[in-house]
Amino acid sequence: MGHHTWPHVTSRHFLFALSFRPFHVEPRNIVGDAQEQVSAEAAALSSRVHYYGRLTASSDRLLVPPDHVIPSPEDIYVYSPLGTAFKVQGGDSTAKNPSIVTVFAIWNTMMGTSILSMPWGIKQAGFTLGIIIIVLMGLLTLYCCYRVLKSTKSIPYVDTSDWEFPDVCKYYFGGFGKWSSLVFSLVSLIGAMVVYWVLMSNFLFNTGKFIYSECLFSSTFLILICPYPNLDPDGDSSTHQYYVSENSTGQVFDLWWSKTNTIPLYLIVLLLPLLNFRSASFFARFTFLGTLSVVYLIFLVTYKAIRLGFHLDFHWFDSSMFFVPEFRSLFPQLSGVLTLAFFIHNCIITLMKNNRHQENNVRDLSLAYLLVGLTYLYVGVLIFAAFPSPPLSKECIEPNFLDNFPSSDVLVFVARACLLFQMTTVYPLLGYLVRVQLMGQLFGDHYPGFLHVFILNILVVGAGVLMARFYPNIGSIIRYSGALCGLALVFVLPSLIHLTSLNRRGELRWPSAVFHGFLVLLGVANLFGQFFM
């Protein structure tokens, strides 16, 4: 929140924003690797920009400095009241993305760990009701995201070209809006980091188990397993007789290589030092691995479905020995997962700024949501339908569907290894975002000192270790954090901002008030449903 990267700011916007504050800097004390001096031409251009800035208020676009007054990107500096100037690197943002790049950027950003919980979510809601909820939640979250995207356009007489959603919240609701959006954004980020820690512990455990078993034992190949046959929400314990499990790999190995007792602690040695880096730019180079991981998961799901075939038997309201009903009262668990699965509202304004054709923003956003929804439906429906029942019950589907495949499965081993490496690089990025948002608001600096950052990282890592140790259920973690942050950032704040904007313009009508009031109530019901269903 409030963190903007320079490549998103054009030289016109940059100097236009600065020109309304009196400044003057002598051509000296340039901060950088080379001992550069501000050229006389750049100083003259700076004076001209300052002159134009004195002619008008920031909301008046008529007297924006013309192009010949604006310095070229190589002559742009951030002028400090301390008498130094910081040269802006990469200030030119004339390169814009075509629509297809924007659509896939949103898809890649939204695709996360929630995809692993889609089959479990459909099982909790029932096959038919699960499909209906995925479609409806996709439409509702798309509309709320559209409201966020349009929120900056509804503010009159103010240049909002460099605003983010927290700035909009602050404009309408003051400090409360700013801090509430910050807090719930941090909830979503820290919730994602906790889920990542649980999943990395899981993937590291299974990867080590595969390597150990392949090297020392002749492991028996199993198509699917049911790790926890006792967990039947409807009280049907008949699934015991269909329990299939893997053989133990040895007492000493199991003692030192435990998914919950030891692996979460081993990860501290690897990840805690990475969180203390000042910059996360190195890890940002590996973001393409997320796309490759999702593509491989889609291939894996398709291959397994072809090999296993479909196992469906429709029981609309009653469960059977092997099948869950089509409509279940546990459906809020899926809606909670989907709130986080479709969550991109806190950064959609930034992502859309680089779209080449701004008039296509709504269309491109809709296409991105369609692509995300189809991906979730594809993975969730295929895994649920292909799960072999009999001999196993659909109740065996795990919150992480990869847990239903044994460690000896080579294709699943590749998926776990790829996801482990990808999450190892993404985790420091999430930690960096948490640090920038929190430290930037509290101290005005994203790295106020090593001790501050280290304490924050200890708290975040500690939360991940505790959850991986005592409650390693990613489905429940996702749905609780998703419903909590979604209440504010998906349902409440976008709706209230839209209603407030309409009211100030005198355009508020009762159908709009009823519909957006319904969205607010839906967000509240979604949160409370996680605790009572």
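Every residue, even glycine, has its Cβ placed from backbone N, Cα and C.
As written in TrEMBL, here are the features:
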- 102-226: domain 'Amino acid transporter transmembrane' (DOMAIN)
- 127-149: transmembrane segment (TRANSMEM)
- 179-199: transmembrane segment (TRANSMEM)
- 256-275: transmembrane segment (TRANSMEM)
- 256-521: domain 'Amino acid transporter transmembrane' (DOMAIN)
- 287-310: transmembrane segment (TRANSMEM)
- 330-352: transmembrane segment (TRANSMEM)
- 364-387: transmembrane segment (TRANSMEM)
- 410-430: transmembrane segment (TRANSMEM)
- 450-471: transmembrane segment (TRANSMEM)
- 477-501: transmembrane segment (TRANSMEM)
- 513-532: transmembrane segment (TRANSMEM)
Proximity verdict for the transmembrane segment (364-387) and the transmembrane segment (287-310), three or more C-beta pairs under 8 Å: yes
For the domain 'Amino acid transporter transmembrane' (102-226), residues assigned helix / strand / coil by DSSP: 102 helix, 0 strand, 23 coil
Cβ contacts under 8 Å made by the transmembrane segment (179-199) with residues that lie 6+ beyond its boundaries: 1, 112-113, 116, 165-166, 169, 173, 264, 267, 340, 343, 346, 400, 419, 423, 426-427, 430-431, 433-434, 437-438, 441, 460-461, 463-465, 467-468, 472, 474, 477-478, 480-482, 484-485, 487-489, 493
